[in-house]
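Asker: One structure coming up, written as structure tokens, with questions to follow.
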Amino acid sequence: MKCCKKKKAVENRIVYANNLEMNAKFPKNKVTNSKYTILTFLPKNLIEQFSRFMNIYFLMIACLQLWNEITPVNPATTWGPLIIIILLAAIKEGIDDLNRHKADKIANSREYQVIRNGDEVEIKSKDICVGDIVIVEQDEEVPCDLVLLSSNKEDGSCYIQTANLDGETDLKLRIALEETLHLKKPSVCEDFKGVVECAPPNEEIYKFDSRLKMDVDDNKYLSLSVKQLLPQGTLIKNTRFIYGLSVYTGKETKLGRNKRKTPTKWTKLDKSINKTTMFIFSMQFLLFVIFGIVGDVWKSKRGENYEYLDYQTDDEPGYQPIIIPLRFMLLMSLMIPISLKVTLDICKYIYALFINWDLEMWDDKNKIAAKASNTAIIEDLGQIEYIFSDKTGTLTENQMVFKKCSISNTIYGHSTKRASAYEDADLLSAIDNQDENAVNFFRILALCNTVVPIKAKEDQIEYQSSSPDEEALVIAAQKLGFVLQARTGDIVEFAYNDIVERYEVVKVLAFTSERKKMSVLLRNEDTKELILLIKGADDVMIPIMVEGQDFKESIDHLEVFAQCGLRTLCCGYRRVTEEECKDFLETYNMANEVIEKREEALQGVYHMVENNITLSGVTAIEDRLQEEVPDTIKILREAGIKFWMLTGDKYSTAVQIAKFCNLIPPNGKILTVRGSEDKEVGDSIADLLKQIENQKDDDFYVVIEGSSLKIALNYHKHSFLDLSLKASSVICCRTTPQQKSQVVKLVKRIGAMTLAIGDGGNDVAMIQEAHVGIGISGREGLQAARAADFSISRFKFLKRLMLVHGRYAYYRTSFLAQYSFYKSIYFCSIQVLYAFWSGYSGVSFFNSLSVMTYNAIFTSLPIFFFLLDKDVSEESVYLNPHLYQDSQKGIFYNRRTLFWWLMRALYQGVILLGFTVGIYQHYHHHADGSPAGYEFISMSPFTIVIFVQTLTMATETRHFTFWNHFIIWGIMVFYYIITVLFNLVSTSEIYYLVFRTFADPVHWFALLLISTLSIAPVLFTKYYMFNYSPKRSDLIRFREAKYRSQGLSINIVDADQKMFGNKILYSYSSTDFNNKNIFSPFVDCFGKRNFNELNKKDSISQFISKNTLQDVNKVEKETLISSDHPVIDKNGEIELNEMNNN
């Protein structure tokens, strides 16, 4: 019988002013962001570290090695590296937590004035309690979430800066309730016994649906909203002091509730590495079981014949059959590199430093650098297939400029002579003549907003606004003589032509992404007339217009503005009677007292006044594209990445901006998904799918509006996804933040790698949903940048972030991971193969010192300097963006590449052990006549192992720097120094052994022979693959080497530029790779030749030797193609029509 429990309803919080006893259940204001204390650090950190499978595995191996009867090597070989790895991770965690402790101490030690027993008492921030009345002075940080009771200003207003909360530096107005304005003295505050009922602690920083009773026994509630809330972390500005009642403290504040751990993201490469680890672990398990069984069988049948093995055949313990299997298990534990995770973590941290220090992504104008907030997923930047981009502030500057308008069906600022409304003589004349329509229009622009005017120097007025659109409209009105002069509490002053109008702000019906409009209800102080001013998007404004009004031409003008790529708004008004206002306010106040779902309740109330609107006009605002946006998008699309633009703009504006950005070509085929009902949208998608089936080779572009997108996401996911994936680009307009996130999630379902980029709070959901989130540090604050994995200040930096940092990170990590597996399996294979000569006893071929230093020292240091390696130069990556497809398709790390690394390890292991046994027979003697012992025979091949690893790093490095040479070759010198030093220690396993080894000519013969046999096939394979089946990067690297050998440079050029003086850039089609025509790039170098005449048996080097550079000069001038720039252009064949006659 199932028992169902009802979900317990969450109770609202009741806060009693000046009553510590009633509020005792709430926490104090102590801020604690640290994870550990002195007592809990060691146990908690160890528990956390050993919750990972790899650490548990190696701990088990280390513990088994303490059993002397089974361990083939000294336990220090595992305990040493394990302790170092755990210690390094613990030190890193300890330093991070110590910094958190310091930050907590600073925050908790700040001193504030609170009202206690009628006096102002100075206490530390951590001692503030819920219900305390706190005094905060100008420029001080608000210590906890406060309800504003009063300020030094008569109207109880104050300004706050929320940069610590959402990154916005603009000032925001907060106004106390009229009923609490008298609470400005300690003695008066002591008698205040108000009660605040608010929602439980939550993270919604723009929502505070609460209510206040002035006394415990009072039955009258006063509505509280975000206008009365002073969140923790904000700064008091332009206000001498405020009195506030604390309602949320400590971790329960809005700021505290928003401090969440960054969602854990695994890179695509990390998942592949984990699968590789599990495969090797399975292979290791299988091998030690097989070898263990064989060893036990060999022992039982032949062990007695070898007395020196001291096998006990009689009266042996019951656990004896597991001894040999466990020995092999310990012997094979090296197959999984113990240091792999730490190595990759360090490398990723260094990748992040490369991004943070990159001066080419430094925004000198705004003094902002690129930042990698999530170091774990940098490789994913090199494998992105879909980019989802916001428009405003991401592709554009988010610096709004009023350009054109339409007033009462008359368009202004739209002609060849009048590119701006400011220059339109007809508009200026209408304003001078105080045309009623023009005055009404600009009155709406000046008053329908929440902009704060601030008196600056020389009686100038500056405007502060969280909305760039509102600020642009207010500034436009000001320039044309309609000035928003002051905002004092609920009173605003508006002036034009020396006429000053004062209005009482009765109610502000705020803008939301769902409403797409905002309005203000004003009462004229002189005439007492009520008027509602409103502005919003055309799709929500047109349905609420008064019937019978002729605004067809205005709507046509709106479309004209949109075609110009301008942002449009419809502005209107309606007269409101006192009776309507009274009914509205009563209903509004009732809805506004609701704590749960207040926003939904208010939506139904707004329609009482937001109807029968008279359209006054249409605004057109220009939001300029950021520099290099079209070029950046073009290059990224050439790299094989598909773009989706998700914007709140109207259809026409979104399409036009997409054309400006190179998302849609000027004559691109646009397919629009239409419909307002389930069936209509489904039929529209089906028709479009049929249409593209008949035109498979044509590129097309899908556009869908928010209303249709909602239906498509709910009822037609699969068909809409099918259509969108076939499109070159997708434009989603009039979208909400939730829809943006849903679209990203939809594409993720097919397994494609996604990246989302935006600049505002409405992009956060989309950014966190994508595999990689990029935040633009823009005018809309830092919410997106703080929530993102990476932040940049300009969209153009995305090109470098992905093509350079992302691609290099993927290329380097792919090598590091595979090399780590290779070197471990190489070493381990020698140990395992030695079982054939050791009676399957599970003993180690190498001594314990060699086992411990192999991974910990001699093969780990060169790895970190591979982080400087580049398969091709940065310039070539920019010139050949389709190189990105190599990392996108995972050609550097896949089953094939991993297989060849494993085969190399096994081959080299067999060669080393086989030739070692063959060279050093049991009768081998040293030069002094003494027989060569076991220690000598293991010492010589270990030297060869290190030498082979050195040559492997050298042959795999593509871009040598001083440090690469220093470490790769220096590691051999370091090896010899270390071995000589240990050779002098009498207690060492290799005491005096090194001198004998190095004095033996057979050792040097073995070193030369085995190293050659180990590396030669690898070099031959590389030669063959480079000549007959090269990768894109191989061809470009060859070109780079050739041009540098001639003293020529490789420069970054515009992708459209085909000429450099009289030199033409040569190119070939990337489809040549698909056709296996690897010779096409070289025809450009050697003149006009027929591909079909080229002998396919010739290698690239043979072809070049037959066609030397001198032959180029013999080619006819009109077909000569010589260049200083190795460009491989994805777009196709050579363009000779631009050839200079010279």
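Just so you know, glycine gets a Cβ as well, placed from its N, Cα and C.
All annotation found in TrEMBL is predicted automatically rather than curated by experts.
The shown structure was predicted, so the numbers you read here are calculated from the model rather than taken from an experiment.
TrEMBL feature annotations, pasted as is:
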- 15-79: domain 'P-type ATPase N-terminal' (DOMAIN)
- 110-237: domain 'P-type ATPase A' (DOMAIN)
- 278-298: transmembrane segment (TRANSMEM)
- 318-340: transmembrane segment (TRANSMEM)
- D390, T392, D759, D763: Mg(2+) binding site (BINDING)
- D390, K391, T392, E470, F511, K535, R567, T647, G648, D649, R734, K740, N762, D763: ATP binding site (BINDING)
- D390: active site, 4-aspartylphosphate intermediate (ACT_SITE)
- 785-1030: domain 'P-type ATPase C-terminal' (DOMAIN)
- 820-837: transmembrane segment (TRANSMEM)
- 849-868: transmembrane segment (TRANSMEM)
- 898-920: transmembrane segment (TRANSMEM)
- 932-954: transmembrane segment (TRANSMEM)
- 966-984: transmembrane segment (TRANSMEM)
- 1004-1025: transmembrane segment (TRANSMEM)
Asker: To the nearest Å, how far is the Cα of D759 (Mg(2+) binding site) from the Cα of R567 (ATP binding site)?
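Answerer: It is 17 Å, counting Cα to Cα.
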Asker: Cβ under 8 Å, sequence separation of at least 6 from the ends of the transmembrane segment (966-984): give me the contacting residues as numbers and ranges.
Answerer: 849, 853, 857-858, 861-862, 865, 943, 946-947, 950, 953-954, 957, 990-995
Asker: Contact between the transmembrane segment (932-954) and the transmembrane segment (849-868) is defined here as three or more C-beta pairs under 8 Å separated by at least 6 residues; is that satisfied?
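Answerer: They do touch: at least three Cβ pairs between the two stretches lie under 8 Å.
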Asker: Relative to the Cα of G648 (ATP binding site), which of the binding-site residues D390, T392, D763 have a Cα no more than 10 Å away?
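Answerer: Near G648 (ATP binding site), where near means Cα within 10 Å, the binding-site residues are D390, T392.
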Asker: Quick one: pull the CA-CA distance for R567 (ATP binding site) versus T392 (Mg(2+) binding site), whole Å only.
Answerer: 10
Asker: Given pairs 6 or more apart, does the transmembrane segment (278-298) have at least three Cβ pairs under 8 Å with the transmembrane segment (820-837)?
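Answerer: They are in contact.
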Asker: Measuring CB to CB from R734 (ATP binding site), give everything in the same chain under 8 Å that is also at least six residues away in sequence.
Answerer: K516, A537, D539, G648, D649, K650, Y651, E705, G706, S707
Asker: Same chain, outside the transmembrane segment (932-954) by at least 6, Cβ under 8 Å from its Cβ: which residues?
Answerer: 819, 822-823, 826-827, 830, 845-847, 850, 854, 858-859, 862, 866, 908, 912-913, 916, 920, 924-926, 968-969, 971-972, 975, 979, 989-990, 993-994, 996-997, 1000, 1003, 1006-1007, 1010-1011, 1014-1015, 1018
Asker: Between D763 (Mg(2+) binding site) and F511 (ATP binding site), how far is it from one CA atom to the other, in Å?
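Answerer: Cα-Cα, rounded: 17 Å.
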Asker: Quick check on the domain 'P-type ATPase A' (110-237): DSSP residue counts for helix, strand, coil, in that order please.
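Answerer: Final tally across the stretch: 18 helix, 51 strand, 59 coil.
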Asker: What is the pLDDT of the domain 'P-type ATPase C-terminal' (785-1030) when averaged and given as a whole number?
Answerer: 86
Asker: Taking only the Cα atoms, work out how far F511 (ATP binding site) lies from D390 (Mg(2+) binding site), in Å, as a whole number.
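Answerer: About 19 Å separates the two Cα atoms.
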Asker: Relative to the Cβ of N762 (ATP binding site), which residues of the same chain, six or more apart in sequence, are found under 8 Å away?
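Answerer: For N762 (ATP binding site), the qualifying residues are D390, S513, G648, T736, P737, K740.
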Asker: Sorted by position, what residues of the same chain at least six away from T392 (Mg(2+) binding site) have a C-beta under 8 A from it?
Answerer: N398, R567, D623, T647, G648, D649, D759, G760
Asker: Could you give me three numbers for the domain 'P-type ATPase N-terminal' (15-79), the DSSP helix, strand and coil residue counts?
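Answerer: Secondary-structure composition of the domain 'P-type ATPase N-terminal' (15-79): 25 helix, 2 strand, 38 coil.
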